[in-house]
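A.B. asks: These came from TrEMBL, pasted as-is:
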- C:12-33: transmembrane segment (TRANSMEM)
- C:53-78: transmembrane segment (TRANSMEM)
- C:53-405: domain 'Ammonium transporter AmtB-like' (DOMAIN)
- C:90-109: transmembrane segment (TRANSMEM)
- C:121-140: transmembrane segment (TRANSMEM)
- C:147-166: transmembrane segment (TRANSMEM)
- C:178-196: transmembrane segment (TRANSMEM)
- C:208-228: transmembrane segment (TRANSMEM)
- C:240-263: transmembrane segment (TRANSMEM)
- C:300-320: transmembrane segment (TRANSMEM)
- C:340-357: transmembrane segment (TRANSMEM)
- C:369-389: transmembrane segment (TRANSMEM)
- C:414-433: region 'Disordered' (REGION)
- C:420-433: compositional bias 'Basic and acidic residues' (COMPBIAS)
Amino acid sequence: MPAYATTMRIKFPVLALGLEVVTIILFALFAEYDDGKGHGHHPEPGNSTPHAASVRFGMFQDVHVMIFIGFGFLMTFLKRYGFSSVGGNLLLAAFGLQWGLLTQGFWHLTDGKIKINIFKIINADFSTATVLISFGAVLGKTSLVQLLIMTVLEIGIFAINEHLVANVFEANDVGASMIIHAFGAYFGLAVARVLYRPGLKNGHENDGSVYHSDLFAMIGTVFLWMFWPSFNSAIAEPGYTQLMAVINTYLSLAACVVSAYAISCLVEHKGKLDMVHIQNATLAGGVAVGTCADMNIGPFGAMLIGFVAGIISTLGFKYLSPILAAKLGIQDTCGVHNLHGMPGILGGLAGIVAVALGKKDGKAAMQAAALASSLGFALVGGVITGFIMKLPFWAQPPDQNCFDDSIYWEVPEEEEEHEESLTAEHYKNKAEV
Amino acid sequence: MPAYATTMRIKFPVLALGLEVVTIILFALFAEYDDGKGHGHHPEPGNSTPHAASVRFGMFQDVHVMIFIGFGFLMTFLKRYGFSSVGGNLLLAAFGLQWGLLTQGFWHLTDGKIKINIFKIINADFSTATVLISFGAVLGKTSLVQLLIMTVLEIGIFAINEHLVANVFEANDVGASMIIHAFGAYFGLAVARVLYRPGLKNGHENDGSVYHSDLFAMIGTVFLWMFWPSFNSAIAEPGYTQLMAVINTYLSLAACVVSAYAISCLVEHKGKLDMVHIQNATLAGGVAVGTCADMNIGPFGAMLIGFVAGIISTLGFKYLSPILAAKLGIQDTCGVHNLHGMPGILGGLAGIVAVALGKKDGKAAMQAAALASSLGFALVGGVITGFIMKLPFWAQPPDQNCFDDSIYWEVPEEEEEHEESLTAEHYKNKAEV
Amino acid sequence: MPAYATTMRIKFPVLALGLEVVTIILFALFAEYDDGKGHGHHPEPGNSTPHAASVRFGMFQDVHVMIFIGFGFLMTFLKRYGFSSVGGNLLLAAFGLQWGLLTQGFWHLTDGKIKINIFKIINADFSTATVLISFGAVLGKTSLVQLLIMTVLEIGIFAINEHLVANVFEANDVGASMIIHAFGAYFGLAVARVLYRPGLKNGHENDGSVYHSDLFAMIGTVFLWMFWPSFNSAIAEPGYTQLMAVINTYLSLAACVVSAYAISCLVEHKGKLDMVHIQNATLAGGVAVGTCADMNIGPFGAMLIGFVAGIISTLGFKYLSPILAAKLGIQDTCGVHNLHGMPGILGGLAGIVAVALGKKDGKAAMQAAALASSLGFALVGGVITGFIMKLPFWAQPPDQNCFDDSIYWEVPEEEEEHEESLTAEHYKNKAEV
C-alpha cells in the first residue's frame, strides 16, 4: 500500500466536518429540550418524581465516566497505541452520542420533535457503547476515517434493533446484555472477519503491552467495574426495582472478580495471573447480569451469574481466542468476544430462564426473539459495514504500521529515540553475548 | 542566580503555615455552618427543595473532580514536571478554596457571618479554578512560593469582580466563561508577560512531553470533559433551567471534539493529530457555552458554539501561540489563551447576543460590562501580581531548571540514572554513527 | 525457600473458589433485597425520605471509588509492584465486600435475614477498607493466598468490634477514625511485626518508586482526598448533620494539605518536597476528623484537626517510621501508621474531647472505650492473624522476590529486557568510568 493512501489529511477533516454539519442541521430541525409537557402516549419511565430524576442524573454521570474513561483507558493496554485508544474513543463517543440522540430519537418523536432529557442522553451514551465495543475488536488495524463510518452505520442499526427489542418484542434488557454487549461484540467480530489481515497471522511486535500501559488500562477496568451498577440500573424503574438492579450488579461483579482471578491463576502453567484476564474477565459479571438485573433473581442468583461469567470469560481468553484467530480468521484485538460476546449471550439466556421461571407466559419467547434479533442484526450489519470499511480509500494502515500511534498522531520525539537507543543497545548486548 | 536563592526550605513553610494560621483564625471569627435559617434578603438559589440540594451535592462532587483531577492531570503532559503539576495543583486548590470561602463570603455576610453550605463550597471550588488556569500560563517557571502569593491575590481580585458582575451588573454568567475562564486566562497571561524569560526564547529541552506523560494528561482532559455539564449547571436554577444547562454543555462539548480533531488533522502537514490540541481544544466548547448555558439557545445553538470554539482553539494553538511568544513575550506554557482566553471571550460575546436576541432591554449592555470588567480586572490585577511575584526573593527557578521537578521535589534516583544511561547511550550511538 | 513453595497454582484457586462457593451458599440462605418492610426495631438511619436515599446513593458511589481507585492506585507507587497493588486491591475488596455483608449482617438480622440496601453496601465497602489499610502495611511481602486469609479473619474481627462500638458502647464514629482507620492500621502493623523479615533490614532495591509510578499513586491520593467528605458523611443523619460532616471533612483536608506540604519542605535538608508525604500525609485530615465529623466542632475546629494531622503524619513518615522498622521490627511498607494509625487515634481523642465539651455525661467514657476496644481487637487480632499467615505453606515470597510483580504475575517481556538492558548498560557505564 503506498504511503499517500494512509494519510488522513483531507479525508478525515472532510468526513468529520461534513458529518458534524449535517448533525447540527438535523438537530436544528428536530431537537428540543424536554420541558416535561406533551409526552402524550410515551411518558419516559422514571421521571415521575424529582427524587427519581435526581438519582438518574447521578447515574448518567456514572455512565458517562464508563464511556469516556472506562472504555477509553481499558484499550490503552497496547504499548504504542494509547493515543489512538483514548483519543479515538473520545472522538467516536463524542460524535456517536449526537448521532445516537438522532437515530434513537426518530423512533420516539413527540409532536414531531426529539425532546432531549436526562433519560435520552443516557440512551445516547449507551448507543456509543456498541461502537466502542466493536472498536475493541478492530483496535490497531483501522483508521479514524473507517471508524467514523462504522460509528454512523452501527448506531443506526443499533437503533433499529433497540426499537424492535424494546417496543415490538417488549423484551426486558435493562442492562443491555443483548442489545449493547452481544450486539456490539458480534458486530465488531463480523467487521474484524471481513477486515482479516493474513499479514498479522503470526502476531505483531506492537500487539502487546508494557508495564505502565497495563496500569493505564487498569484505570479503565476499575472505573467500568465500579460504575456498572449504575449502567445496569440507569433506565430501570425507580425505587425497589432500581435498588435490585444496583445490588444484583454489585454482587455479580464481586463474585466475578474472584472466579476470574482463580481461573487465571489455574490455567497459567506457572500459576501466575495474567493482566489480560484481570483487565477484562473481571467485568464479565456486569455484562452477564445485565438482562435480568432488575428481576427478582435473588442476591445469590446474581452472584452465580457473575461467578460463571468470570470463568467463561477467562477460559475464552486462554483457549477460544487463539482458535478464533487461527481457524476462523477473526483477529479480536481486545478479546471483546470474551468480555462482551459470550457474557452477553449468557445474559440473554439468563434472562430467558428468569422470565420463564417467573411464569410469564409468552415472555420467554420474546426474550429469545430479542437475543436472536440482536445477534442477527449484529452479524449481518457487521459484515456489510466491514465491506464498506474495506474499500481501499479510507486511509487504513498497512500491516507494518498497525498498533502504532505514530501513523496518525504526532508522537513525542524523545520517546522514539529512547526506543531506538534501547533497541540498538539490546541488539548490541545480544551481539556481545 | 545563586543556588541558595532557589531553595524553598524556610520561605515556603513560613509562608504556607502563616497563611493557614491566619485563615483558621478568620474562619474562627467569621465562619459558621449554614443551618438554613436567617438568610434574610439573600436566599441561596436552588436550596429551596431537598431534591434540588441533592442534585447540587452530586454536581459539587463533579466540580471537585474537575478541580483536583481535571486541572491537576491536564498539566502533567510535561515530561519532567508531573509532580509539580498535580502536586502544585493540589496545594493551590486546597489553600485557595479556604481563601475563596473567605473572600467571596465577605461580600455575602448573613448576620455578620459566612454561612457555609454546598452552594458556597461549589463557589469556593470555582474561585480556585481561576488560579489553576493562571497556573497553566506560568507552569514550569515559578516556585510554590510565588504561586501561593498569586493565589492570595488572584482570588481576592476574583471575588471583587465576581461581586460586580453578579450583584452590580446583575449579568448572567452561569458557567463562568467570563468571570473564571477569561479572567483566569488573561490574569495568567499578564503575569506571564511580566515574568517573561528571554532565556527560554528558543525553547527548553524539558518543555515537551513523553509518551506516557501525554496519557496522564488525558486523564485530566477526559475528567474535565465529562463533568463540564455539572460545572456549567451547578449553580443554575433547579429544574428546567438546570436541565438546559446540562444539555447545552453536553452537546457543545460533543460538537467541539469533532471540530477540534478535524482541524488538528488539517493543519498538520502530514495530517497527523496533535495531542496538545486533543488535550485542550476539545474542552473549548465547555468554556464557550458557559455564559449562555442556561439560556434557551436551542440544542443546535449550543452545538454551533462548541463547533466554532473547537476550531478557534485549535487554530490558536497552531498559529497564535507562537506569535504571542515571539512578538509579545507571552510564554504561555499550557496555551491557556487558546483553551480559556479566546473561548471565554467567545462565551461572553455569545451571552451578549443571546441576551440581545431575548429582547431583554439593557441586559445586553450589562453583559458587555461584565465581560469588560472581567478582562480589565484580569489584566490590571495580573500585571500588579506579576510584579510582586517578580521580586527576587521568592525562590523562582533559574532558566536551566525550569520545567524540572527536581529543583523542588525529591525525584526517584533510579529514573535519573536511567536518563543518564540513556543520554550517555544516545551520545555514544551518535558518536558511533 | 524452594521455588515450588511460592507458586500459587493450586493453593490460590482452591482457596478463592472455595471461599466464593461458601459465600454464595451463605447468601442463598441468609440474604434478601431490602423491600423496606419489616425492619422492626432497627430502622436504617436516613432512609426515611427518598431525598436522603438519593444523596446516599451518590455517596455510595464516591466511597466505592475511594475503595477501588483510591486505595488501589495509592499503593502503585512501588516501581515493580503496580499489578499486585491495584490488582490485589481489586480482589481483596471484591471478596471482602461480600464477606463484610455477611459478617456485619449477622449482627443485624431482620426476620432471620440480611436485608441488603444502599446503607448495607456502604458498610460492606467500609469493612473492606480495614483490609486495604492492613494490606498497605504488608505490601510487597505477602502472597494473595495469605492476603485472602487475612481478609476473612480481619473482616470477621472488624464486625465484632464494630458491633461493640456502635451497639454496646453506642459511641460515635461516623467517619470511622477508630473502627476502620486505627483498627486497620494497628491490625496491619501487628501482622507486619509477626511477619518481620530480617533479610529486608537494609532495604530492597525494588522498595522504591520510579517517576511514573509516583504519578499513578497520585491518582489514588487525589480520588481519596476528593471523596473523603462522602466517606465521613455517608452514614450520617441526613440533613444538617450530614452537611456538617461534609463541610468539616472538606475543610479539615484542605488545611491538612497546607501543613503537610509545609512540614515536608521543612524537614528535608534541601527544602524539597517528598512524594511519600504528599501522597499520604495530605489525607490525614480526613482520617483525623472522622470521629467528630458530624459534631458541631465549628469549621475552624475541623481545620485545626486537619492542620495538626498533616503535621503529625509528615513527621511520622520522616522520623518515626525508620525507628519502628529498626527498633521494633515493624516494616510498614506504605507507612499506614502515619496515615491511618496516629491520625486515627487523634480522631478518637478529638471525639472524646468533643463529646466531653458537649457535656454529654458518660458519653466521653464510651468514646474512650470504643477507642480502646478498636486498638485491642486490632492488636490481638493482628497478632493471631499474623501467626496463621506465617504458616509456611501459603506461597509467601522469598526475600529477594519481595516488591516484585513477576513472582505472581505475567509481566510484559519487553519491559524486562528493557530493565536488563538498562542494568547491563548501567554496569558497563560504571565499569568504563
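The backbone N, Cα and C atoms fix where each Cβ goes, and this holds for glycine too.
Please treat TrEMBL annotations as automatic predictions, because they have not gone through curation.
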A.B. asks: List, by number or range, the same-chain residues at least 6 past the transmembrane segment (C:12-33) whose CB is under 8 A from its CB atoms?
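C.D. replies: Same-chain contacts beyond the ends: 91, 95, 98-99, 101-102, 105-106, 109, 112-117, 143-145, 148-149, 152, 395.
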A.B. asks: So if I exclude everything within five residues of the ends of the transmembrane segment (C:147-166), which remaining residues of that chain have a CB under 8 angstroms from its CBs? That is, six or more out.
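C.D. replies: 12, 15-16, 19, 88, 91-92, 95-96, 99-100, 103-104, 106-107, 127-128, 130-131, 134-135, 138, 173, 178-180, 183-184, 187, 191, 370, 373-374, 377-378, 381, 384-385, 388-389, 394.
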A.B. asks: Residues sitting near the transmembrane segment (C:300-320): Cβ under 8 Å, six or more positions beyond its termini, same chain?
C.D. replies: 247-249, 251-260, 263-264, 267, 274, 276-277, 280-282, 284-289, 292-293, 335, 337-339, 342-343, 346-347, 350, 354
A.B. asks: Taking all residues of the domain 'Ammonium transporter AmtB-like' (C:53-405) together, what is their mean pLDDT?
C.D. replies: 96
A.B. asks: Which one of these stretches, C:53-78, C:90-109, C:178-196, C:208-228, C:340-357, has the most C-beta pairs shorter than 8 Å to the transmembrane segment (C:369-389)?
C.D. replies: C:178-196
